Amino acid sequence: MAAEGHNVDANLVDMRPNHGHYFVKKTFGKPTYCHHCCDKIWGMLTTGYSCEMCNFICHEKCLRTVVSYCSSVALQLIKNPVAHTWSAPCLIKRRYCCVCRKRTDEAMSVECEVCEYYVHVDCSDLAVSDCKEAATYVANMESANTVQYHHMREGNLPKESKCVVCRKTCFSTECLAGMRCEWCGQTAHAVCYRQMDKECDFGVLRKIMLPPMCLTIPRTELPMEQLLNISSHDQPQSRKVSSPSKIQVDDVSTSGEDVKERDDFEIIRVFDGNNSYRLQISRNIVVAKHVSVQQVRDAALRRFHINDTPERYYITQVVGEVEEEILEDPVPLRNVKRPEGKRAQIFIRYYDDPEKDEVKVYGGWLRKVPVTFCGISVSKDTIVQDLITEALYHFGLDGSYWNRYNLIEVSLDRGVAERTCNPQENVLQLVRNLRKDSLRRYHVVRFYVQEKEDPHDHAVFVGNLPVSLAQRQYERILLKLLGAKEKPFTAIGPIYFEYGSLIITFNTPKAATAAVQKLQSAIYEDKKLIVLCLPNVQPQMIPKDVEPLLVLVNVKSGGCQGTELIQSFRKLLNPFQVFDVLNGGPLVGLYVFRNIPKYKILACGGDGTIGWVLQCLDIAKQASLAIC
């Protein structure tokens, strides 16, 4: 679920009115609450409006002022997507799912380790990748010219929350309602929050917050939990490819089914592409037996949450293993071939133009472009190189320097996954293949233009090496583990000899990613290496009256309650200023903060943890003076 805000652009996709909701009038037989104004929809058998896609409920009077986008379109509206870092699946009490708006204690759910985003495992493929953007540094920009905006999240507000606009209670225990900024913690009604100041000052935490505008993170293809140095959990695996549920191949319709289904309605298995058919993963629709092809098509589009012009799509039925046949009126279901004892199977397909198409190219990572995206017409001869050149002209940049940029294919399907496109790749064929494999995935794939050169070095922490060796010995060990004859890194050091830990620096994201992936699986002297990607702090961007708080937590202290503590700190502060000392030790955080003139340290643990931190403070001071 997403609401109007700085990181949401309603122009990114053509959608229905009412913020993409599919509202129908409904009579409620029990007390129900409006998700917009939090008031009760009074009286028994009272009518209101409910979205068939995301279960959003509201009064008729609230329809015109709704600010929450439907979960069927919210995923496509985020300008700069940031992946969530999911916890292990469990039953979460007193929270509501941000996708289907139902209680999370009714089914297995996950929560983000960094922000207040909760979702059922069964809803996770529609989760919006709009986690807190904790590293937003822009080169050659002064801190006085940078603006921090609120990051608003709907629902799951703390108890007794008060609206900053009207000063009335804005939390609700009955539904997903109310708005809260993930940075400063200000809360407001959905009706009121448009009147809030757009700029965020971090509230009472301002003087200890590490501002996102002073941080850069390695531009690698590594997952977000790796960049945040969070111990990875098993990702929720309720579905694959683009489908919410897996139907076994031997899913047979028995004669004991409901009489009404056999006589009046039919359940049809729908595939959105070749991948879902190959894996036999489908979504079911229930339609009357005498519907038209258009009604079947519209029902299938809604089931896959595809918010597009319906006339661009058509329905085919599965004939044999590789053949398809277009479904036509009248009474199309009468002609559908059904496998023996199984339900009818259909495909939803896109009308491809063999000569041309339009591709949206985003400039989000360039930061200084005047528009969020540009639409570029491509032909069957257009290659990635041509697309980059045209996009640079639209963004007000010199297209003759196209070779300084990459085109990045970013998939928002179940997180944020990136792939660098080959400059000679045919764009029209690339788009066609995406549609043919999965229409659902095609609608959540974007193309971004990104600079090849990263102005900042990439620092990687490597631990669990033998202690008290010379620098050359450490270099030989690293070269052996990386399988390289020449050094792929530009520098090594500081070296913390007492702990067998060191920092290696790379000047390209590609080299850093390759090294991290190799070293993470490496074992030396029967010890698995600790490998961490480190953020880069720009101290000149930190306001003079701010002293950031470095948080070091021992998650096993206090009867292993440190896990909840470190999660709370990550949600409260910038996650890049919170470190788990069991994952690399205190030296990791001390290295990241080394260039900040004044900062405070909060060490959470027992006497042993405090002594460990103090010892590392002494070592860090001597690190630059160490002699090999």
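Glycine is treated like the rest: Cβ placed from N, Cα and C.
Some features that TrEMBL has for this protein:
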{"type": "DOMAIN", "residues": "20-70", "note": "domain 'Phorbol-ester/DAG-type'"}
{"type": "DOMAIN", "residues": "83-131", "note": "domain 'Phorbol-ester/DAG-type'"}
{"type": "DOMAIN", "residues": "149-200", "note": "domain 'Phorbol-ester/DAG-type'"}
{"type": "DOMAIN", "residues": "264-353", "note": "domain 'Ras-associating'"}
{"type": "DOMAIN", "residues": "355-454", "note": "domain 'Ras-associating'"}
{"type": "DOMAIN", "residues": "458-531", "note": "domain 'RRM'"}
{"type": "DOMAIN", "residues": "544-628", "note": "domain 'DAGKc'"}
{"type": "REGION", "residues": "232-255", "note": "region 'Disordered'"}
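By number of Cβ pairs under 8 Å, the domain 'Phorbol-ester/DAG-type' (83-131) is matched best by 149-200 from the list 20-70, 149-200, 264-353, 355-454, 544-628. DSSP assignment over the domain 'RRM' (458-531) gives 27 helix, 24 strand, 23 coil.
The DSSP breakdown of the domain 'Phorbol-ester/DAG-type' (20-70), given as helix, strand and coil counts, is 3 helix, 20 strand, 28 coil.
Here the domain 'Ras-associating' (355-454) has, by DSSP, the following mix of helix, strand and coil residues: 35 helix, 34 strand, 31 coil.
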